[in-house]
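Scroll down for the structure; my scribbles are underneath it.
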Amino acid sequence: MASVLEELQKDLEEVKVLLEKSTRKRLRDTLTSEKSKIETELKNKMQQKSQKKPELDNEKPAAVVAPLTTGYTVKISNYGWDQSDKFVKIYITLTGVHQVPTENVQVHFTERSFDLLVKNLNGKNYSMIVNNLLKPISVESSSKKVKTDTVIILCRKKAENTRWDYLTQVEKECKEKEKPSYDTEADPSEGLMNVLKKIYEDGDDDMKRTINKAWVESREKQAREDTEF
């Protein structure tokens, strides 16, 4: 800016010298007009310079923002959960998570799911997606908390004072498939046979030999009891 002002000042001095030496009206009018333009421009430049200085004095150094590392994403599979009358609480342990910026810990809720994303924690991103929650939750009232080395996801139950036996519908279905099915109207011995049959089918060779031996001994004992009568 100083060089521009200097050039304008030199132009102005030169125009003044020419004006003093000029005698012809047309030339003097042209020089007078040019002199006015230069003076106006010089005045504006000086005002800009005086206004710019306080702005620079008040200007604070720009905050250095650490670049967001795009490292690979780790899928979170280990977590714990419990519940109260109003909330289902999911606990995820991530060492150092309390030290990352708040905006780096994001949770998106829907009525039957949540999606956790932790960005740039020790050079990695961490993701946890849980779909098909056992029961509906209130999206607006659900939230997250970041504690020392822990993220707590708070899913607000849509129906308060109801108990969740499982976190997801899929978990419920898997557990129920594992349970042996009993028919209350069927013969109790038939139910036992079904259980033994399942154990036999799923067991190894040693288990099968043990069941076969027990089965033979049971049949022999039953035969002896029948002959006694």
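Glycine too: its Cβ is placed from the backbone N, Cα and C atoms.
According to Swiss-Prot, the features are:
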REGION    2-81  region 'Interaction with SIAH1'
MOD_RES   Ala2  N-acetylalanine
MOD_RES   Ser3  phosphoserine
MOD_RES   Ser36  phosphoserine
REGION    38-60  region 'Disordered'
REGION    74-229  region 'Interaction with SKP1'
REGION    155-229  region 'Interaction with S100A6'
DOMAIN    169-229  domain 'SGS'
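Separation of the C-alpha atoms of Ser3 (phosphoserine) and Ser36 (phosphoserine): 20 Å, rounded to the nearest whole number.
Of the listed modified residues, namely Ser3, Ser36, the sparsest Cβ surroundings within 10 Å are found at Ser3.
When pLDDT values are averaged over the region 'Interaction with SIAH1' (2-81), the model yields 74.
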